[in-house]
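Taken verbatim from Swiss-Prot:
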type	residues	note
BINDING	Thr154, Lys180, Thr191, Glu277, Asn403, Ser408	substrate binding site
ACT_SITE	Thr191	active site, nucleophile
Amino acid sequence: MDTIKVLNNKNITDVPYFKAIGVASGIKGNNKSDLCVIYSEKPCIAAGTFTTNKVKAAPVLLDLKHIESENIYAIVANSGNANACTGDDGYEKAYLMAECTAKHLKIKPEEVLVASTGVIGVPLPIDKVMFGIEKAFSILPKSDANKAIDAIMTTDTVQKKIFVEFMLDKKKVTICAIAKGSGMIHPNMATMLSFIVTDANITKDLLNKALKESVKDSYNMISVDRDTSTNDMALLLANGASGNTLISSENSDYEVFKKALHYVNVEISKMIAKDGEGATKLIEAKVFGASSSRDAKVAAKSVITSNLVKAAVFGSDANWGRIICALGYSAAEIDPSKVDISFSNNDSKVETCLKGTGLNFDEEAAKKILDGDHVIIEVNLNNGKFNATAWGCDLTYDYVKINGSYRS
């Protein structure tokens, strides 16, 4: 079983036959990149997961139809405007984005997926978007993957990307994901925007299955502010260029592919959580010993979404009482008299609660852990055999500042 190799110097355009560029179309102004095109010179099969928010942005509604196409070649995405709550006009503009991209690639509009992120309820400035698409294709096929990532960022402070390679059927296979996400992150079936590309040769049904199974334990297990966006999506394109034997059953090759895809999605999820708006720390909640998989996930997410827990981590306060409180009001089945809680990092661990009762623990040692930029909260419910992990971030003064002036 095969080793997954992470290559930090590689990017989305290092996956064979994929091209990408980002340009400034004028949506954001100040010559900031705000439109990207990603496409494959070979036809792809595609899978996607989308926001469960009842209010869905126009690009999401469009993609729910286009994702069913036999072939997908491209993704076109803009930042600075969500094209959400914009009615029929917004849907028509999302289609125009696909149509304009398709014209340049000499393909059908339904073979293009569309994404937008930014302010909700403002009409999409389609003239600027069209200008941006024309500008992008005046540069392509010359690629610049970093500019493509920049073009989908809003309040993000760092780029989010990961590139892995592994072996399937004695063929080298690659997967790369780029993403944006900082605020309004509490996904259910998707993330903010995550674009994943691979040269694996796999059927559409199994690509869908692998993505949906992975999303449950990656993007769906992160939260920054408990707000599920109108625009959330994770898109996965596979062009089959690696030449591995077609994965058409849930065999060992499928398991290897699924493992690599899940690794990519988990790492991107952690990057998004760590870059929460104003965040200074990544919080990782590990729950053990739950009576069901659902209870484990519910308990872990309750810990990382608690504002009191998040604020305590920001202040390096080992206030385990807030953690057991969050477990208690969650929908998970727990027996408080069985719960153990500890704080840890990669170097040390401090137990603070045993069987629901506080311990006389070393406050300074706990504070040292909490002062770090990656805080692990371990909870053992001692109630079963199921485990789960969720990721979030601390709650800082800057979160309020950023979101108090987002439109300005």
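Using N, Cα and C of the backbone, Cβ positions are placed for all residues, glycine too.
Counting every protein chain shown, the number of other Cβ atoms lying within 10 Å of the Cβ of Asn403 (substrate binding site) is 15. Taking a C-beta cut-off of under 8 Å and a sequence gap of six or more, Lys180 (substrate binding site) has these contacts in its own chain: Ser79, Thr117, Ile149, Ile152, Met153, Thr154, Asp156, Lys160, Met192, Leu193. In the structure as shown, the Cβ atom of Glu277 (substrate binding site) sits within 10 Å of 25 other Cβ atoms. In the structure as shown, the Cβ atom of Thr154 (substrate binding site) sits within 10 Å of 21 other Cβ atoms.
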